[in-house]
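As written in Swiss-Prot, here are the features:
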type	residues	note
COILED	100-135	coiled coil
COILED	353-377	coiled coil
COMPBIAS	21-32	compositional bias 'Acidic residues'
MOD_RES	SER49	phosphoserine
MOD_RES	SER58	phosphoserine
MOD_RES	SER86	phosphoserine
REGION	1-32	region 'Disordered'
Amino acid sequence: MADPKFQNLPGIAYDQPDVYETPDDPELDTSDYYEEEPENEAIERLHISPSVAHKRFSGATVEGSVDFTDRIGRRMCRGYDTRGSSDYELVGQGEKETPVQKCQRLQIEMNELLNEVAALQVDRKVADEEKQSYDAVATVISTARKVLESLKLEQVLGKEQTPGSKQVKALISQVEEFKQSGVLTAIPTPGTDLAATARVASLEQRISQLEKVLGAQPDKLSRLTAATNTTNVLEAVRHLSTKAALIQPDKLDTIEQRLTSLAGKMDAIAEKSSGSAQDAKRDQKITELYDIAKRTEPVVEILPHVIERMQALEALHKYANNFAKIIAEIEQKQGTITTSLVNNKELLHSVQETFAQNLETINSKVAKVEQRVAAISSAK
């Protein structure tokens, strides 16, 4: 029977049953028979597991600098770039980067540059001078990377400057943890949602008012904190107000008088410090004594032991001194004896010569006497 709401409508047959027709299924042109292709040894058939391939390329990204060719060169061709556990969000073309995104991009580029420099350092075809330059570049890059890591922009600038994808991933991980824990929480009532929304709106209003008063540019706040040496805005304002109070006209005369008296005192101190020629000589002697004391600092610790040793060896030194004096006297006496021996040798030589001459004269005279005696005896 037709629905009562369709009564009194034209074109409806009320005396016939309701029929719901469906189109017939078309005949399938395909057959269940598949002709197996003959095996060809020239065709390599690889057995690839979809799950293993998905795990391998799950975190891979493709950029404009990829190169899937098999060219041979000094640099390796880049294919799919797997970031690993560190996921960084890159902004689109024309969009403005946040400071954290700039820092992350610089870290990635520095890591790539360090890898390239390390590959060039290992290369044997590169000259030693180029390797030294690469070492200097690697040192500079590592220092800059340490500086970037020490900045900790996410902690300094807050969550407003961090990319939104990290917050989304953190929320997803929290949801997964809640699912695994199985702890159920009650859905908040609409009244609590409205109260939380009102609280958030009031906080946003207060933040906007603070941004209007202080400014939303972090570089200005950093300059203010650097100038006042404080991170509290009220303390900075008080510091600036005290400085502004000092610049008032009624206090400038007092400041000028104090500066004049201070300048006079500084001149007097400078005159006293200059001194006369005697003071200069005294300072020079003091400086020399100080230099001598600085040079003898390494010997100061050994000096008491040396003095004790010298005192212990004092008697031995005296005996050695006396022995040296005795040896000197003996050498002197030996010298005099040697000279006297030389003189005695000369005298002996002269005596021997005179004795030989006298002996010859005596022999000649004795011969003459014998001749005379013989002549006399023959004459008788």
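Note: Cβ is positioned from N, Cα and C throughout, glycine not excepted.
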Notebook entry, point to check: Between SER49 (phosphoserine) and SER58 (phosphoserine), how far is it from one CA atom to the other, in Å?
Noted result: 14
Note to self: Need the DSSP three-state call for SER49 (phosphoserine) to compare against my parser.
What the structure shows: coil
Notebook entry, point to check: Can you give the mean pLDDT for the coiled coil (353-377), rounded to a whole number?
Noted result: 92
Next item on the list: Starting from the Cβ of SER58 (phosphoserine), draw a 10 Å sphere and report how many other Cβ atoms land inside it.
Entry: 8
